[in-house]
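My questions will all concern the structure given below.
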Amino acid sequence: MGIYASKEQISLEEKKALEKKKLQINYEKFQRKGSMLAKHPKGYAINQCKTLDENQKFKNNRPNTFDFSNVGVPRFSNKGISKEEDKNEYFDSLEILQLKIKQVVQLLRESKYAVVYSGAGISTSADLPDFRGPNGAWTKEEAGISGGFSNAEETKIPSLTEIVPTYAHMAIAKLMELGMVKAVVTTNMDNLHMRSGVPADKLVELHGNSFKERCTVCGKEYYRKEEIYEGMTLKCEVDQCTGTLVDTIVNFNEPIYQRDWDTAKEHSEKSDLSIVIGTSMRVLPSCLLPEMSIIKNGPENNHMVICNFQITPYDDSSTPRVFSPSDDFFYYLMQELQIETPTLTPKGENIKSLSFPTQPKSHHVDSQKLDPSVYNVNFRFLF
Ligand SMILES: [Zn+2]
């Protein structure tokens with residue numbers, strides 16, 4: 001009995017140590033992002049995308065250049081907004097939201113190649129913090145309030161293996177199954193799109209996936225049940241391949257995997273409707289993608305719909321511009337389309353149970369009070 005008890009003890013200790021290591025990795029990663037965001041010198045983004053930083057780890061043979069030839073350089077680079085405005089959250093009344101949803105449904109029905117772009121905001125109802133909201137990781141870290149990633153141990157950020165896809169994730173997977181959405185491009189690393197049933201060949205994870213490894217030689221990707229940690233160096237299983245497997249996470253300063261960027265760009269250029277969910281669109285180069293087809297082929301038959309609480313540098317290209325939680329947006333969208341959203345993932349997991357509409361928090365501002373002339377033009381290009 002004693003021996004079993006001590007075995008139990010050791011494994012618990014080991015588990016704790018592993019958890020701690022995981023949190024430390026998160027902490028370092030998000031601290032790096034946080035400090036870079038705080039500096040944001042002009043032109044930083046494009047320069048960083050083009051040059052290889054000496055300190056960066058170049059494990060994946062990732063290329064260090066991007067082709068910006070098809071992409072308009074942002075026209076608002078000199079204009080700024082204050083940090084406070086940056087953090088404000090706005091919401092549409094239910095009546096306004098439903099009117100906007102009707103417009104989105106019409107666009108979706110008319111579209112031939114709709115692409116969904118998602119950011120951290122789509123996963124907040126799965127209990128993952130976002131970055132820039134009043135409760136966002138960076139906002140809290142900056143204010144020294146516990147709740148940022150740096151205080152992950154205190155605030156109990158759930159393990160990525162424990163969280164489940166949200167209503168929005170499930171709705172997107174259903175729309176893809178029906179052919180109404182052709183691809184998903186995400187900067188999330190939480191694996192929730194995969195778990196909701198989006199096929200891997202129609203999903204581009206621009207910043208990698210915590211559960212995905214990639215061979216350094218042949219590029220084959222492996223999805224794992226557990227998060228990938230540094231030091232888990234396995235060999236590629238492809239015959240004759242001598243490559244080792246590395247994690248796919250792309251940190252700030254690191255270039256995006258070229259094949260992912262090319263695939264995302266292909267979808268974006270083909271797309272005639274971009275639905276952008278839960279991102280304030282400040283991270284290059286991914287924030288350039290949703291507007292690509294509008295820039296390349298004109299705004300007449302190409303549209304973008306942004307749904308996010310916070311203003312973005314691309315709001316003036318968004319018709320309509322929706323201020324709502326991702327889950328509410330998809331709930332009313334699916335209702336309007338009269339499509340039922342499955343409540344279980346293909347792996348049998350329950351989606352996060354939510355009531356609609358989601359109650360706006362007290363610090364939210366009615367979007368109708370937002371002067372469009374302010375949110376349409378006065379942005380600096382920042383990320
Ligand atoms: Zn290989």
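Each Cβ is built from the backbone N, Cα and C atoms, and glycine gets one as well.
TrEMBL labels come from automatic prediction, so no person has curated them.
From TrEMBL, here are the annotated features:
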type	residues	note
DOMAIN	94-340	domain 'Deacetylase sirtuin-type'
ACT_SITE	H207	active site, proton acceptor
BINDING	C215, C218, C236, C241	Zn(2+) binding site
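Can you tell me where each of these features sits in the structure?
Other Cβ atoms within 10 Å of the Cβ of H207 (active site, proton acceptor) number 20 in total over all chains. Under DSSP, H207 (active site, proton acceptor) is assigned to coil, being neither helix nor strand in the three-state scheme.
Annotation for C236 (Zn(2+) binding site): same-chain Cβ neighbours under 8 Å, separated by at least 6 residues, are C215, V217, C218, K220, T242, G243, T244, L245.
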C-alpha of C241 (Zn(2+) binding site) to C-alpha of H207 (active site, proton acceptor): distance in Å?
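One finds 25 Å between the Cα atoms of these residues.
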Can you count the other CB atoms that lie within 10 A of the CB of C218 (Zn(2+) binding site)?
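By my count, 13.
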What does DSSP assign C218 (Zn(2+) binding site), in three states?
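Reduced to three states, the DSSP call for C218 (Zn(2+) binding site) is coil.
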According to DSSP, does C241 (Zn(2+) binding site) sit in a helix, a strand, or coil?
coil
By a 10 A CB contact count over all chains shown, which of the binding-site residues listed here is most packed: C215, C241?
C215
